[in-house]
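Participant: Okay, these came from Swiss-Prot:
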type     : residues : note
ACT_SITE : C114     : active site
ACT_SITE : H250     : active site
ACT_SITE : N280     : active site
REGION   : 251-255  : region 'ACP-binding'
Amino acid sequence: MPLRSVILGCGAYLPARVLTNEDLTRIVETSDEWIVERTGIKSRHIAADGENTSDLAEAAARAALAHAGVAAEEVDLIVLATATPDQTFPATATKVQARLGITRGAAFDVQAVCSGFVYALAIADNFIKAGQARTALVIGAETFSRILDWTDRTTCVLFGDGAGAVVLRAEEGEGTADRGILSTHLHSDGRHHDLLYVDGGPSTTQTVGHLRMKGQEVFKHAVVNLAHVVEEALAANGLSPADISWLVPHQANRRIIESTARKLKLDGSRVVLTVDHHGNTSAASIPLALCEAVHDGRVQRGDIVLLEAMGGGFTWGAALVRW
C-alpha cells in the first residue's frame, strides 16, 4: 500500500501583545467601523521587541510535537513557510531545528507569502510519499508587523504576527476513506507580482522595504483563483462541496472567505473563521485557524478538511485532508 502523510497534531503561538482597531485609530486615520466593515478584523497580535519569527516558529513547533505525542528527535524534515525570516540566510527552519535539538534530516524555508503553508505542506507530503522523510514538521510563521508601513491605513490594519505548525507522519493509506493528506494543488502566475509585494530586498534596494498592495485587484483574483483550485481539489478526489466537513481558508479578509464559501454553497457554520482576532498572519493563518478548530473540538477524526490560500506572486493552492 502507498505511503500517505497523516497529520498527528498541531500547535500554535500568538505573541502576547494585542493591537485592537481602537489602538490603530491612534496611529493612522481609521476607525473600528471602517476596518470591520471592509475586512472583518477586530484585533491582531504583534510580536514584542526582540521576538523574532524563529521564536514564534519554535513555540508553535513545540506545541505541535506535544499535541502529536512525537519526540523532536523523531523529526527528519522541517519545512518552514515565511516571508519574514530572521535573516536573509541561514534559513529560519535551521534555527528552529537547532533549538529543538534535531541534528538529522533537512530543514529549509519556503516563500510563497500567504500561500506558504499550503506550499510547505505539499512539499513535506511529497517528501513523505517519496520515502525521503518519515516524520515532518510543517510550520507557518510570520512577523509581518516588521514590514508594514504604519502610515498606510490600507495595509497596516490588515496584518498580524503568529505561528502555527503541524506534525506529519508517514502511514500506509489510499483512497478518500483513509486518514491523511488526500491531495495538494499548487499554482502561481507571476504576471501579477506587482499587485502585492514588498518594495525592498537585498539585491534591489539593500533594505527590508514595506508591503504594498492594490487591494481591489487582489480581491478579484483571489475570488476566482480560490474557487478554481477548490474545484480542482474536489474533482481530483471524486468529492463534492457537500463532502467537506470544514473549510479552513487563509484568513485574509472576511469578504474573500465568505465569497469562496458561497461559491461552494458551504454553510458558514462549516467555515473556520479567525480573521476577526488574528488578522492576516500570512503563512501562519491556516495552521493557526486549523489548530483553533482542532483544539476546541470542531474538527473531529474522520472529517474532510479543505485548506486553501492565495498570496503574493500570485501564488495559490489547496490541500484536502481526511482528519
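Glycine residues also receive a Cβ, built from the backbone N, Cα and C atoms like all the rest.
Relative to the rest of the structure, where do these features sit?
Facilitator: Using a 10 Å Cβ-Cβ cutoff, C114 (active site) registers 33 neighbours.
DSSP assigns H250 (active site) to coil, not to a helix or a strand. Listed in sequence order, C114, S115, N280, S285, I286, E308, A309, M310, G311 are the same-chain residues six or more apart from H250 (active site) with CB atoms under 8 A from its CB.
In the three-state DSSP scheme, N280 (active site) falls into the strand class. For N280 (active site), the count of additional Cβ atoms within 10 Å of its Cβ stands at 23 [all protein chains shown].
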